[in-house]
Amino acid sequence: MRHIICHGGVITEEMAASLLDQLIEEVLADNLPPPSHFEPPTLHELYDLDVTAPEDPNEEAVSQIFPDSVMLAVQEGIDLLTFPPAPGSPEPPHLSRQPEQPEQRALGPVSMPNLVPEVIDLTCHEAGFPPSDDEDEEGEEFVLDYVEHPGHGCRSCHYHRRNTGDPDIMCSLCYMRTCGMFVYSPVSEPEPEPEPEPEPARPTRRPKMAPAILRRPTSPVSRECNSSTDSCDSGPSNTPPEIHPVVPLCPIKPVAVRVGGRRQAVECIEDLLNEPGQPLDLSCKRPRP
């Protein structure tokens, strides 16, 4: 870019326009992106952001200017009005405050104690829970083992042999591999099947019979003779009527009577005050006059 010397310190309008055109052509011509509509970043663009910044070449210099002692003094609330020691002074990895040391370095109105390294013991010396009696009694736990030769060198078989005392016993896996059979636990007894509920009895229909007829009672003057005994009975019959299979001619049929709830018919009101001589018959109605 060429240098333009302005005489008198005045830049005209034509000179300013030429300077801007020259700036655009020489500086921004190659890196100028094409104009485009602004679009917000997508979720993938926000998720794939690269937050790993390159190493700062000034990080070491800044760390020397502001050592750990200054940062610790700021945390402790100590005002430092002067600069810390010159760069290059080594700082220990861990600093602790020891006010009992009389030697102090004046950094301003408020003195800051000297910081010396201290080894911190991070070992936990607290006693844990005491072991319970159950853990001692359990001993070795059962572990299912798979060996090349079933029953030889198997930890599962050794566990069962040690607990049972039988030297020839094998675990279920070795027994299955040797005999080709599975080991099943004892089968429990089958549950009793519920008894089927009895079906409700259906009402049986009675066989149809010939209609029963009532025999007309004999009058006081009639006489009936029994052919089997050759005896005759006189007077009204007190026995129930007999049932005959043959229907006689002109039988007496009962007539349905409607029961009424009206009071007894009286001639005058005084009849209601007197006690009735016979029970009130409500089966029939007296016809109206």
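Every residue gets a Cβ built from N, Cα and C, even glycine.
Features of the protein shown, as given by Swiss-Prot:
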COMPBIAS  84-93  compositional bias 'Pro residues'
COMPBIAS  219-237  compositional bias 'Polar residues'
MOD_RES   SER89  phosphoserine
MOD_RES   SER219  phosphoserine
MOD_RES   SER231  phosphoserine
REGION    41-49  region 'Interaction with RB1 in competition with E2F1'
REGION    76-140  region 'Interaction with UBE2I'
REGION    82-107  region 'Disordered'
REGION    186-240  region 'Disordered'
MOTIF     113-117  motif 'PXLXP motif, interaction with host ZMYND11'
MOTIF     122-126  motif 'LXCXE motif, interaction with host RB1 and TMEM173/STING'
MOTIF     258-289  motif 'Bipartite nuclear localization signal'
MOTIF     279-283  motif 'PXDLS motif, CTBP-binding'
ZN_FING   154-174  zinc finger
Overall pLDDT for the motif 'PXDLS motif, CTBP-binding' (279-283), taken as the rounded mean: 56
Secondary structure composition of the zinc finger (154-174) [DSSP: H/G/I, E/B, coil]: 13 helix, 0 strand, 8 coil
For the motif 'LXCXE motif, interaction with host RB1 and TMEM173/STING' (122-126), the number of residues DSSP places in helix, strand and coil: 0 helix, 0 strand, 5 coil
